[in-house]
Amino acid sequence: MSDTKSGDDKTLSVTPMKTLTLKRPGMEQGTVRQNFSHGRTKSVVVETKKRKFSLPGDKPEPAAAAPVPVFTPKPPVAAAPVVQEAPKAAPPPPPRAPVERSGMVLNELSRSEMEARRRALEGSKVREVEDRQRAAEEAKRRAEDEERRKREREESARRQAEEEARLQAEAESRRRAEEEARRRAPLAAELATADEEEEVKPKRAGAGAPVRRLVTPEVARPAKPTKGEEDRRRGKLTLNSALSDEDARARSLSSMRRRQEKFKRAMHNEPREKVMREVILPETITIQELAQRMSERAVDVVKFFMKQGQILKPGDVIDADTAELVATEFGHTVRRVAESDIEEGLFNIADNAEDLVPRPPVVTIMGHVDHGKTSLLDAIRNANVVSGEAGGITQHIGAYQVEKNGQKITFIDTPGHAAFTAMRARGAQATDIAILVVAADDSVMPQTIESISHAKAAGVPIIVAINKIDKHDADPQKVRSELLRHEVFVESMGGEVLDVEVSATKGTNLDKLLEAILLQAEILDLKANPDRTAEGVVIEAQLDKGRGPVATVLVQTGTLMPGDILVAGNEWGRVRALVNDRGEQIKEAPPAMPVEVLGLQGTPLAGDRFAVVNNEARAREITEYRQRLAREKAVAKHAGQRGSLEQMMSQLQTSGLKEFPLVIKGDVQGSIEAINAALDKLGTDEVRARIVHAGAGAITESDVSLAETSGAAIIGFNVRANVQARAAAAAAGIEIRYYSIIYNLVDDVKAALSGLLSPERRETFIGNAEILEIFDITKVGKIAGCRVTEGKVERGAGVRLIRDNVVIHEGTLKTLKRFKDEVSEVPGGQECGMAFQNYEDMRVGDIIECFRVEMVTRTL
């Protein structure tokens with residue numbers, strides 16, 4: 001089949017009648033004759049729609065249709081300045097008509113008229129001032145409006161200039177794209193249906209004039225006939241198949257798609273602008289992840305490291321400093337985050353002032369041991385706590401709440417023994433007011449001074465309670481005078497510290513003490529927000545046999561309720577129950593209330609802060625982070641202490657350090673902490689107590705196995721061993737010792753450490769002897785003839801040979817004779833013969849010093 005265009009045919013012929021139609025602009029109409037097989041032809045009317053393009057240097061063709069209005073940005077027209085019209089002067093008031101005077105004229109005005117005129121005059125003055133102020137404000141407002149309009153005009157001009165620049169840039173990019181598309185489109189794509197021979201004619205007729213054909217990229221290029229085209233037209237030929245042109249080969253969809261993609265690539269071939277990002281960097285990150293966060297290729301990052309002299313792989317881990325350097329080099333900004341950011345928002349959440357309500361004060365009772373702290377608290381609570389403590393000594397932190405006259409006060413009782421320094425420090429940090437109990441008959445003692453230091457370090461006010469004033473030797477004035485030395489100035493001495501003389505046994509002045517506490521609390525203006533998640537501090541923790549881990553906590557803000565998810569130190573759990581100081585289960589714990597919390601997964605450390613979180617996932621993340629941090633610190637500590645095996649052995653040999661291993665189990669965490677601190681103080685350069693394991697809870701079979709492996713002794717403080725542990729200890733021959741008073745425990749460990757000390761070598765002087773003559777006896781050797789000048793000389797004692805006040809030899813006597821008889825000792829003033837063991841270099845005039853050596857057992 002071939003197509004011929006009838007537009008160039010000049011043969012005279014009769015053409016059939018055509019329909020009268022209007023020619024559309026931009027359309028070229030012609031007739032194409034199609035030749036089929038067997039000599040058949042077919043005429044087809046073809047309309048070619050041309051798209052107009054403007055090339056550089058072309059003259060615009062006259063438009064056939066009405067021109068379409070084109071938007072052209074107009075230059076900004078400066079707004080006419082607003083001229084503020086001056087306020088017109090008020091027209092003068094019309095002249096008043098003369099008032100006709102009556103026949104009777106008063107010589108002077110009345111007092112009421114004078115007052116009315118005076119008020120009118122003052123009112124006019126006030127109105128004048130107000131008018132001037134309004135005029136000034138109006139002028140200021142007009143100036144501000146003018147300045148605002150000026151800024152708006154400048155902003156409008158700037159936006160219009162930016163819009164013009166943007167339009168010019170878009171037009172330039174569009175022009176470049178069209179030129180690129182025109183350059184790449186082949187010239188043959190113009191005629192989709194023209195024959196090859198018909199294409200040559202216009203080229204010849206045009207001589208040298210170039211023929212410009214504009215094509216659009218969207219027009220599909222006609223398929224060239226292939227060799228096998230005639231072979232495909234086989235089979236039975238029908239009239240329908242002969243007259244239809246469905247057998248013509250069409251362009252495939254994939255070819256059209258490839259052409260469109262090629263055109264898009266040509267359009268978007270311009271260089272892209274690099275996007276700068278904010279890269280979030282953790283403490284460690286891999287190179288691959290860093291490249292993804294920067295939207296860069298990992299190969300480029302590896303190349304950067306190669307330029308710096310480092311050969312790394314995309315999977316290698318780098319630190320935050322190196323990652324920040326790389327990100328900055330690639331032009332990105334960096335925001336570093338730490339692993340500890342997971343704890344952000346856990347504590348110290350700010351509360352609104354309108355949400356705060358008054359709360360009870362938290363009072364800590366501090367002082368020296370046996371000064372009556374717990375007895376004073378008993379008198380306030382009308383209970384008996386001392387009888388429950390072993391030896392009458394407080395060994396735990398007790399938290400109680402007392403209600404007096406409708407107002408609640410929370411008391412925290414701390415131990416006064418020297419071993420419980422950490423407990424006193426924790427009590428001072430969790431309190432609002434510190435009550436310093438000083439016995440009137442004992443005055444200021446070391447733990448009293450330490451309690452003062454803890455209270456000052458915590459920044460809490462002090463109330464001095466001078467106890468035991470009922471005793472005959474009580475001297476409260478002496479207590480006040482000694483407190484001055486430690487910068488505690490009571491009111492009677494001209495200071496600001498409140499002091500109350502009380503007697504815990506007789507209940508004297510307890511009301512005054514409570515009034516002083518409430519007065520100090522009113523001055524402090526203690527408030528908290530109960531309508532939020534709870535926060536506080538762990539006062540004590542223990543492992544109860546029937547209830548599991550139990551933590552005594554003090555709620556400082558918020559309200560703690562059963563079901564809350566609690567995070568305390570390295571442990572977390574869901575609150576199963578809340579128990580108050582009287583052993584009753586409660587539904588909620590408001591601020592400043594001490595409660596026992598059940599439901600934790602482990603025993604937290606005393607002094608840890610606790611907080612309530614939203615879900616278990618966050619609680620687990622926080623505790624895992626803290627546990628990992630604690631493990632890393634422990635590993636670093638042991639790594640620094642361990643060193644190599646040779647160094648450790650040489651250090652032990654040179655120092656001669658002996659260790660006493662112990663496995664300690666206690667009832668509460670605070671007692672374990674106090675025992676550890678007390679045993680650490682017993683250590684010296686020669687011996688020390690090494691605590692293999694310390695924990696809260698009963699003694700178990702695993703503790704016995706650990707003690708057997710390490711050769712340690714087992715100590716139980718207010719706990720007992722179960723049946724399996726006792727059987728295992730009896731089989732292994734390990735002694736288990738039980739204690740209820742920390743004094744006895746420390747004394748026994750001190751005695752055991754003293755037994756590890758090597759005995760002390762102590763010398764006792766016996767006497768001196770002077771050598772008068774040297775005798776050389778056959779088969780015996782040299783014998784020194786001496787006279788005892790001081791003390792006496794004993795056989796078997798240690799001797800030193802001194803010449804010119806210098807010790808020449810130290811050894812023992814081989815023989816001691818008087819005349820020819822062996823004697824055990826020679827008194828002073830007598831002569832004798834002496835010989836040394838394995839030494840004969842003696843001279844006349846030497847001094848022989850005799851002494852006795854004793855080995856004395858040492859104690860710590």
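Placement of Cβ uses the backbone N, Cα and C atoms for every residue, glycine included.
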*In Swiss-Prot, which of 413-416, 529-532, 581-584 is tagged region 'G3'?*
413-416
*Using Swiss-Prot as the reference, determine which range in 295-298, 467-470, 587-590 is annotated region 'G4'.*
467-470
_Candidate ranges 367-374, 471-478 [criterion: Swiss-Prot lists as region 'G1']_ = 367-374
*Identify the region 'G2' range according to Swiss-Prot, selecting from 387-391, 392-396, 507-511, 837-841.*
392-396
*Run through the compositional bias 'Basic and acidic residues' (110-183) and tell me, per DSSP, how many residues are helix, strand and coil.*
73 helix, 0 strand, 1 coil
*Tell me whether ILE469 (GTP binding site) sits in a helix, a strand or coil according to DSSP.*
coil
*Short question: which residues 6 or more past the ends of the region 'G4' (467-470) have a Cβ under 8 Å from it?*
371-372, 375-376, 437-442, 476, 501-506, 508
*How many of the residues that make up the region 'G1' (367-374) does DSSP mark as helix, as strand and as coil?*
2 helix, 1 strand, 5 coil
*Identify, among the binding-site residues GLY367, ASP370, LYS373, THR414, ILE469, the residue whose Cβ has the fewest other Cβ atoms within 10 Å in this structure.*
ASP370
